[in-house]
Every structure is written in C-alpha cells, then in structure tokens.
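*Asks:* Take a look at this one; I'll ask things after.
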Amino acid sequence: MDHKPVSDYVPTSFSKAGEPVMNDILALLKTRRSAPAATLKAPGPSPQDINAMLEVAARVPDHGKLAPWRFIVFEGDGRDRAGTLVAEVYAKAHPDAEAGRIETELKRFSLAPLVIGVVSSAAAHPKIPEWEQVLSAGAVCMNLIIAANALGFASVWLSEWYSYDREVLSRMGLAEHEKIAGFIHIGCAAGPREDRPRPNLTEIVTRF
Ligand SMILES: Cc1cc2nc3c(=O)[nH]c(=O)nc-3n(C[C@H](O)[C@H](O)[C@H](O)COP(=O)(O)O)c2cc1C
C-alpha cells in the first residue's frame, strides 16, 4: 500500500462549529488539539454518542485483560452536584477563600455540557505490573478524546487539584486504591483553535 506522507492529509469537511470533521483518522490525529473547558458549549453528545464514545474508550490495549479502569459520567445536574461537592471541600480547606474562587469551584464540572471521569483501579497483581494498568487507563482517556473528536466534539483532559483530594474522590465513589486518570470535558468548540508548539521529533527520537 503506498503510504502518503502525513503532510498530505487535510480535513475533508467541517462541522457547523468550524471544526474539521475528519473522515481520515490520520488527519484527525494530526490536527488533534484540546479546547479550554470554558469554551465547550452545548449541545453536548447525545446518549447514543456517549455510549459510542465509552465503547471506543473501553477498547484499549490492556495487559492481562483486567479492565483496571471505569467511568463516571457527569451530565445534567450531576455536573452541578459535582461542582457543589468540589466547592464544599475547597471552602472547608480554605475558610478565607474569596467568593469568586468558591464560584469558580462550583462551576468546575458545568463548564462543558459533559464530563467523563476516567477512574484508574490499578492495583497489585500477581502477573501484571500496576504501572501497565495505569498506562491502560491513560490509553482509555486518549481513546475517549479521539472518539469525541471523531464525532465532531472538542474536548480537554483535566485533572486539577480535586483529582488528588481523597475527600472529593471518596464522595465521588472512588475506593481507597482508585485514582483519577482524568476528567474529560466534552462539548461543541466555539470555533477553530490555534495549535500549540509540538515537540521537535529530532529531540525526542533516537534509533537504537
Ligand atoms: C493527565 C493529564 C492531566 C492534565 N491536567 C490538566 C489540568 O488540570 N489543567 C490544564 O490546564 N491542563 C491539563 N492537562 C493538559 C491539557 O489536557 C492539554 O493536553 C494541554 O493543554 C495541551 O493541549 P493539546 O491537548 O492540544 O496538545 C492535562 C493533560 C494530561 C495528559
């Protein structure tokens, strides 16, 4: 099969928000770019879209077929309840916090129409190193992003302070050993976005 150089791949069509709707996987991957959560607008993915994204997200390499990850979907008022939880925990830890900062925390999960939390359930295993289970959770986050982008939505992978706060995590239902691999915020982009500088391959590639 003749391999076209990557530079030949261009968007084949654009969605109403001006996002390149790529039929070509390589073109989509070549132009993938996050969008700030605050710029992600409704409409969000439909229930069918969400199922399709979760199906793709769960289809990742997984040493030992352990599925050491799971999803928490934050949609509708679930986003507001998550924001209230985060703001409560923040306010308790920062009694002198300004009202504006509490407001920011309240809105953390309702900036975009949809947030999908990817939980890593990696744990000690007789055969599969925990590190490899964590990598698989990272792959889940990336597959979820690519599936969302392929459906014409924009996204961003965020952690922020609350991903490391055990009170927030336990009130979101995470077990002691579980961690957040990421909160993927998904919605319609406000329009095309400038790319950011990308790593220079000559600095990160060696040949053995
Ligand atoms: C595990 C992980 C956690 C991240 N957490 C944050 C975050 O909390 N806040 C943030 O602004 N960007 C965060 N980012 C970076 C953004 O997701 C995004 O990748 C970055 O802005 C680069 O843009 P790009 O995705 O277009 O390459 C995180 C990325 C990863 C992989």
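Any Cβ shown, glycine's included, is placed from N, Cα and C.
According to TrEMBL, the record shows the following:
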BINDING   Arg32, Arg33, Ser34, Arg59, His63, Trp157, Leu158, Ser159  FMN binding site
DOMAIN    41-187  domain 'Nitroreductase'
*Asks:* Within 10 angstroms of the C-beta of His63 (FMN binding site), what count of other C-beta atoms is obtained when all protein chains are considered?
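*Replies:* Here the count is 14.
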*Asks:* Give the residue from the binding-site residues Ser34, Ser159 that has the most other Cβ atoms within 10 Å of its Cβ, counting over every protein chain displayed.
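*Replies:* The largest 10 Å Cβ neighbour count belongs to Ser34.
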*Asks:* Considering only the binding-site residues Arg32, Arg33, Arg59, His63, Leu158, Ser159, which possess a Cβ situated under 6 angstroms from at least one atom of ligand 1?
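*Replies:* Listed by sequence, the hits are Arg33, Leu158, Ser159.
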*Asks:* Taking the Cβ of Arg32 (FMN binding site) as the centre, how many other Cβ atoms fall within a 10 Å radius?
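*Replies:* Here the count is 16.
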*Asks:* By Cβ count within 10 Å, point out the most packed of the binding-site residues listed: Arg33, Arg59.
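*Replies:* The most densely surrounded of these binding-site residues is Arg33.
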*Asks:* Find the average pLDDT over the domain 'Nitroreductase' (41-187) in the predicted model and report it.
*Replies:* 98
*Asks:* Using DSSP and collapsing to three states, where does Trp157 (FMN binding site) fall: helix, strand or coil?
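*Replies:* Strand, per DSSP.
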*Asks:* In three-state terms from DSSP, label Arg32 (FMN binding site) for me.
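*Replies:* In three-state terms, Arg32 (FMN binding site) counts as coil.
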*Asks:* If you draw a 10 Å sphere around the Cβ of Leu158 (FMN binding site), how many other Cβ atoms fall inside it, taking every protein chain shown into account?
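*Replies:* Within a 10 Å radius of the Cβ of Leu158 (FMN binding site) lie 19 other Cβ atoms.
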